[in-house]
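> Got a structure here, written out as structure tokens. Questions coming.
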2 protein chains.
Amino acid sequence: MTDPTQDLLPEGLEDRLPQSAAAAARIQRAMLDTLHAYGYDRVRPPLIEFEQSMARRMEGVRTRGCFRFVDPKSLRTLALRADMTVQVGRIAATGLADAPRPLRLCYAGQVARIAGDMLDPRREYQQIGAELIGSDTVAAASEMVELAIAALEAAGAQGISVDFTLPDLVDTLADGPFPLAPQQRVAVRRELDAKDAGALVEAGGEAFLPLIHAAGEFEEAAGKLSSIDGAGVLNTRISALRQIAERVDSRARLTLDPSERHGFEYQSWFGFTLYADGVRGALGRGGTYCIGGSDEAATGFSLYPDGLVEAVKAGEDMGRRLFLPVDHDPAAPARMRAEGWRTVAALSAADDPAALGCTHTLENDGPRPL
Amino acid sequence: MTDPTQDLLPEGLEDRLPQSAAAAARIQRAMLDTLHAYGYDRVRPPLIEFEQSMARRMEGVRTRGCFRFVDPKSLRTLALRADMTVQVGRIAATGLADAPRPLRLCYAGQVARIAGDMLDPRREYQQIGAELIGSDTVAAASEMVELAIAALEAAGAQGISVDFTLPDLVDTLADGPFPLAPQQRVAVRRELDAKDAGALVEAGGEAFLPLIHAAGEFEEAAGKLSSIDGAGVLNTRISALRQIAERVDSRARLTLDPSERHGFEYQSWFGFTLYADGVRGALGRGGTYCIGGSDEAATGFSLYPDGLVEAVKAGEDMGRRLFLPVDHDPAAPARMRAEGWRTVAALSAADDPAALGCTHTLENDGPRPL
């Protein structure tokens, strides 16, 4: 009975205790309220789906990272969701196939993966996001970047920054002024990701070398990118980025890393990553994409607020707690709760208001600070 | 690509589309706000735990109903939670072992089970609950029944009724005026559950026969129960029930089914089931119990709001949606959202406000109804 390992949680899974759970709940609510206010309707997909149906909408690869198990009912393999975006894509393509476009949907829930990574050992996390389905225009992308920033602001994130990228940059240049054979494209992408100048040249990607140095503060990096692109094949892209940037540059620090592809394997022309001061790693990412299986254009983002929760939980406000002594006026508690108090009723005369975390006690003339 | 079965969800699992998801979100929020206002702090256990650790706090039996799978990290069996109460019990016995008692905790989340049942085929549902740990007194039981009713009222449930029971009634009577051998107790409990008078007499439980007819409107049933109990071994119990009933009888219809045990296998002296008009089946249940593994006394309840969601979703208010034409004043949307409007921005001049579900469109002098 006293073996403490009996109560250990599996690696990468944890309990949120009151301060931390309160921060997580407040942040989720603030984010969802923002998405709601921008016209996004919530949908709730199930925790579990057939692996096959998820794989189809994920281009078949990422279910390898899901917890999978056989359904005793259907004898088919089920997967615990590791990403809600694909589920929302499925809903758009099935239950909401006939809903008018652009379709604005949002979601929030827990997701799990079988393995954490070096940067983040968590195997369960909160995902909150919005998808604008039926459009991947500059207007759609601008709305999504603005909305992601607004959701983070509402949740209390400070010093938000947004890093833009052009996920199909190598293909666009290789189809135009800097031709590459198919196998060279793969190598060039890989070495650009690694930012390895020597290997990039060896792979035949000399013309792409300046991209490694075109990352940084948005306006400067966009200027560099423009100057690399003598033929002007990127003009539309750069102009789109500038329009998106203009919409949000008063609310976030903007950077551009045009050849960054990590995490954007499924994005088309536009991607962005969100950061905030004091939060380790990215808080979210988004971009333009095609819904797997239906090939409908969409723009969306996912926020992963667990890092923000960790950053703020120690200071989370748990509210004013009013102790109700055993002999309190029975009409008082409902009135006090309506005024925003949290009430803690004594179960016996031995209950100690201070030990129970109360800030006030109810007396005949009202709350008295402890 | 057009095989519709590819997108089927497994039996008992479903998507909540916007109306239904909005109702579920509103109901969950109203319930959690109520628990918060009564001084209950939220905790968030993980979706998955070691099966062994869950089994230990569930008296080892109920994990058979959980989805289980091997953790590639630890090579141990994990279980997807089917009940959050046991997780909250674990938290009280571990991470919050040193927190002062009575400890008030609440929770909300998705749970899943491998098989639905005849009455409810759902295999995933929402569970929201509160636990008062370190006390199973009449005061604790009264607080929990009142709180459960308050949470249902806040969520919009109409015509709430509460059915009380005494889970250890047979044992209490068999230890006193109506002695039974151990194997007879099992049979008497079973036939009382089945309300089978003939089999009850055959099992040697003739003395228990009047219990079958002691169910009904609370005051009347409590009177009948009292008259059955000539020796007075139930006096304390009946008096406790009357105190609890007095606290809530203005807010709910009260009934008593003293020998009802279904769903109360783990409860000690007190149990209750919650119903509301227009909702199929029970909306929740609660009672007094001991936390498995630590044997600490507790009183709690779980609400299962999915039935309420189904009952109200068709009428769920989706809010006033304000269409923002392409050339709208850029300062207006934030102001309108602050006033409680949901805004839907045109992405192109072709967007049709009525098709997008908008109720109003923004003109120079403000919102105009469509």
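Numbers run from 1 along the shown chain.
For all residues, glycine too, the Cβ spot is worked out from N, Cα and C.
It should be emphasised that the depicted structure is a prediction, and the values quoted were computed from it without experimental measurement.
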> Given TrEMBL annotates B:Asp83, B:Met84, B:Thr85, B:Gln127, B:Glu131 as L-histidine-binding, which of B:Arg68, B:Arg113 belongs to that site as well?
B:Arg113
> Tell me which residues of the chain lie with their Cβ under 8 angstroms from that of B:Gln127 (L-histidine binding site), as long as they are six or more apart in sequence?
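Within the chain, B:Gln127 (L-histidine binding site) has Cβ neighbours under 8 Å at B:Asp83, B:Met84, B:Tyr107, B:Ala108, B:Gly109, B:Gln110, B:Val111, B:Ser302, B:Leu303, B:Tyr304.
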> Sort B:Arg113 (L-histidine binding site) into helix, strand or coil using the DSSP assignment.
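The residue in question, B:Arg113 (L-histidine binding site), is coil (DSSP, three-state).
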> Would you identify which of the binding-site residues B:Asp83, B:Glu131 has the most other C-beta atoms lying within 10 angstroms of its C-beta?
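By the 10 Å Cβ neighbour count, B:Glu131 comes out on top.
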> Could you say whether, by DSSP, B:Gln127 (L-histidine binding site) belongs to a helix, a strand or a coil region?
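The residue in question, B:Gln127 (L-histidine binding site), is strand (DSSP, three-state).
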> When DSSP is mapped onto helix/strand/coil, what comes out for B:Thr85 (L-histidine binding site)?
helix
> If one looks at the chain holding B:Thr85 (L-histidine binding site), which residues at least 6 apart in sequence have a CB under 8 angstroms from its CB?
B:Gly129, B:Glu131, B:Gly300, B:Ser302
